[in-house]
């Protein structure tokens, strides 16, 4: 990130970003070209939610094995862990631009492998390649954008990466809907990701390396040439001077600690400034995942089906709403992140997330309690040998219908054939099979296997939407902004890599465990668990994350050097003024 403008951004308006980029369109060209990495990140993490529904239809083993479904989804996350870890080293060694080009190649390879996959394990291999690209893009794209942005509009421009991530997720749902009735369905859905990878690769070939990285590598003339395209002529010398002072300080430091990757890792954890930056950076990245957002983005159609909407097409259409709201929320972040600050947006966002998760837990709990009853007569006579095996002994004993409802039927790994007259009337608890689904449909009735018809279903969709609305402007984009600006330049690649790895490890834990958690705790218990994690995350954000709005990198470094404490914990003198006790 360039040292960033002469004026601070304390009163920056969203319009300042557009005013600056209108005068200097080169800045937006850099941001949007690099931001395609965010688009690919969003597309490849979002597209699997719809594709999985059709992969399950093509491969019986995937439909029957929850762990295999979770593996197909989460292997991209596992690959992202490696991509983010290696990406930190590649960023420092070969530059931001080269990292983006390598990520594009990985995206393309992964898309081709998945589109041609003859078996589930090949899909998993393709997802791993895509994950490598996602991990590198997740840390490199915002880093490249931030290092080519004036400080006064840095937050808004880095938010374009967040906007393109959510835009990529929204685009993935549109693609899913477009290919619902096309032969090959999921193959097209997964293969389309190769197109933006090719586009970005071509665009990045015509763009320069980060000016700060170039200066660090003693390519000073190239660095100046880029700054002259970004800044007004009267600000270029000030930027060059700031870069010179910064790099000289870093080289002096490196003369003591060394410049290898291992010594940088050791130095990062041994340096109190970097250690405090990592505490903040890792906190926001882990909190971003443990609010449960990617369970919504990866499994959104499945969650909609849990809420009682059985049709694949309906589930994807309703999921499109949540994805669209995520994209809108990213625009809101661009409008306010440089005006109200990173810390405030995240804290407000976390309060909203916790509220929505508690309400969602309540809604799913009520939906389970009030699920349609089981009709014993229909369950026994619906079709020959069709009664749910777990229900047969109860039916033989003429057990009261009140003992079983649709939800208990589904938890017994059976299916529920709803009444053809009234959607919430008692129905039949039958075996779980494609033949039974077809039989139920042929009689004008709906077959449920993931969720039950419920009067509360629409409330689940409403509060999923509200959850996205409060998540996206704060926790959706701000953690990436914080991590693009909180580390000293000499540790930025390593620090960003460590934080990105923590994000993807957390993502892997959440995405891999979600279906198992819903099976063990139910949807209600799972959302309540995420509410608890979110509360813990809110506390640590309040405790550890400083405000970096409008600060130049040297100012951020001095802030961390002094040590950060929230105002509530700062000691005050007799006159009531705060005293720095760091």
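The backbone N, Cα and C atoms fix where each Cβ goes, and this holds for glycine too.
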Match it up for me: which of 320-344, 345-369, 370-394 does TrEMBL list as transmembrane segment? 345-369
From the ranges 527-545, 546-564, pick the one that TrEMBL records as transmembrane segment. 527-545
Non-local residues, at least 6 beyond the ends, that sit with Cβ under 8 Å of the transmembrane segment (67-86): 44-45, 48-49, 52, 55-56, 61, 103, 106, 120, 123-124, 127-139, 294, 298-299, 497, 500-501, 503-505, 507-508, 511-516
Near the transmembrane segment (456-482) in space but 6 or more residues beyond its ends, with Cβ under 8 Å, are 138, 142, 146, 154-155, 158-159, 161-163, 165-166, 280-281, 284-285, 287-288, 291, 293, 296, 300, 303-304, 306-309, 318, 321-322, 325-330, 332-334, 336-337, 342, 345-350, 352-353, 355-357, 359-360, 363-364, 366-367, 370, 503, 545, 548
Which residues of the same chain, at least 6 past either end of the transmembrane segment (157-180), have a Cβ under 8 Å from a Cβ in it? 17, 21, 27-28, 31-32, 34-47, 49-51, 141-142, 145-146, 149, 186, 188-189, 192, 196, 297, 312-313, 316-317, 319-320, 323-324, 326-327, 329-331, 333-334, 337, 472, 476-477, 480-481, 484
